[in-house]
Structures are given as C-alpha cells and as structure tokens.
Amino acid sequence: MAQKPVADALTLELEPVVEANMTRHLDTEDIWFAHDYVPFDQGENFAFLGGRDWDPSQSTLPRTITDACEILLILKDNLAGHHRELVEHFILEDWWGRWLGRWTAEEHLHAIALREYLVVTREVDPVANEDVRVQHVMKGYRAEKYTQVETLVYMAFYERCGAVFCRNLAAQIEEPILAGLIDRIARDEVRHEEFFANLVTHCLDYTRDETIAAIAARAADLDVLGADIEAYRDKLQNVADAGIFGKPQLRQLISDRITAWGLAGEPSLKQFVTG
C-alpha cells in the first residue's frame, strides 16, 4: 500500500498563501468553454469515416501562425509532466491539491480547445501532430534537481512566457475566432503567473537568500518556449523570426518579472535586468 506523503515545512508555510490565492483565483474567474471557440460548421469527416484526409492545400492561415499554435499545443499536451513535478515537490492534499488540480484542468482546456480548432479547420496535419505529441510526452519533463523554491520560480517564469507568447501570437492573427481563443489562453496564463509569482513573493519574506538564488538559477537556465520539442526546430525559428517569441522576448520577460518582484537592484540579478 502506498504511503501518503507528508507536507514539509515550506509546503505548510505556503498552505495559507495557496488558500488565499485560490480563493482570489476562483472569485475572479471568467469561465469559458472550448466548444465556443471551434467553428464546427467548417468540419468534415476524414477518410476513416468516408471523408477526406488532410492535405497541405487545406491550410489557410500563415505558416508562422500555425507553427506557433502547434508549439503551444504540444507544450500543453505535456502538462502532465509539470503536474507530476509540482506534486512531487509539494503535495496533492488540502489547498495545494485543489490548486494543482485546478491549474491542471485549466491548462488541459487550452490543449482541448487548440486541438479541436486546428483539426476541425484542417489548419495542421493531424497525423504529424499526433506523432509529435506522442514523442514529446514520452520524452517527458523532469525537474527533480530543482529545489521547491526553484520550482515555484520556474513556474512563474514559465507562465509569463506563455502569456507573452500568446499575446504576441494573438496580435498577428487576423482570423477572429482563433485570435479570440489565443487571447483567452493568454489571459489564463497571466492569472497562473500571478498565482505562482505570489508564492515566490512569500518565499522572499520566508527565505530571502534562497529565493534570490533560485531566481538567479532559473533565469540563467530559462529557454524559449518549445525549445525541448525536437521535431519543431524549424517552427521555433519561424516563430522567432516573426517576432512572436524568441530570445529578445525571453530576456525582456525575465527582466520584467524580476522587476515586478522588486529585485531589479539585487546584485546577483542585475545581469538579467534590461534597460
């Protein structure tokens, strides 16, 4: 029989902070549904059900837009790895359990909506996309070497990456339904960043030196979204060249996040602050 995990000191210290932020998160939610952002009237069966299989001529959006959407989708597909790391670093009980479950559900909604839109509108090859999904999820995500504080810092940075990526992507999309969907995802990412960033803020009061060191470590190691998707090297370059998300955007968001924590003047963090 599996042993029930026991919360450690930091997990218990942050429990009331998680509760307060969870209450705020739910009180300010703006519920949305994947099916509202999928133009099902554009859909048709694939060959398996007597219709047509996908071919490149069916794509109508610019390549940079579909490349960015596929990167975003594959990242959302791999959220199970992030969920596992959060549970292993903290606990799936009480307010922690409620938050991690809620965060996972909201992130999964992004994957559901994106895949339904892209498959129904035939903007991407569903077979090729599925191959990459399986490959990337099997590769997994591991962060067992991160401390608990580093894990929270990473998540704050990661969610800010998602928000910037989606905002820049939405700004370049002319198709209104997809633009609206990406905007909704961006707004969720902003809320997720706020949650994790608030936990880091509390850590700065609770264990300041460790937290500053964690911020420096994660800032130094952070890469562009999708850098670990081996099959999408060309898509990553296209997205960077289009100004949606690349090294310049990454550097700026790291600087902005550190500044938002009030740490721009910290000696060990000055190298990450621009301007």
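Cβ coordinates are placed from backbone N, Cα and C, and glycine is handled just like the others.
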Residue in E189, E193, E194 which Swiss-Prot records at the Fe cation 1 site where E107, H110 also bind: E189
With every protein chain in view, what's the tally of Cβ atoms within 10 Å of the Cβ of E189 (Fe cation 2 binding site), excluding that atom itself? 23
Provide the number of Cβ atoms within 10 Å of the Cβ of E107 (Fe cation 2 binding site), excluding the reference atom itself. 23
Could you tell me the C-alpha distance between E159 (Fe cation 2 binding site) and H110 (Fe cation 1 binding site) in angstrom, no decimals? 13
Cβ-centroid neighbourhood (8 Å) of the Fe cation 1 site, E107, H110, E189 excluded: K76, L79, E106, L109, G162, I185, D188, H192
Which chain-mates of H192 (Fe cation 2 binding site) that are at least 6 residues away have a CB under 8 A from its CB, listed by sequence? W103, E106, E107, M155, E159, G162
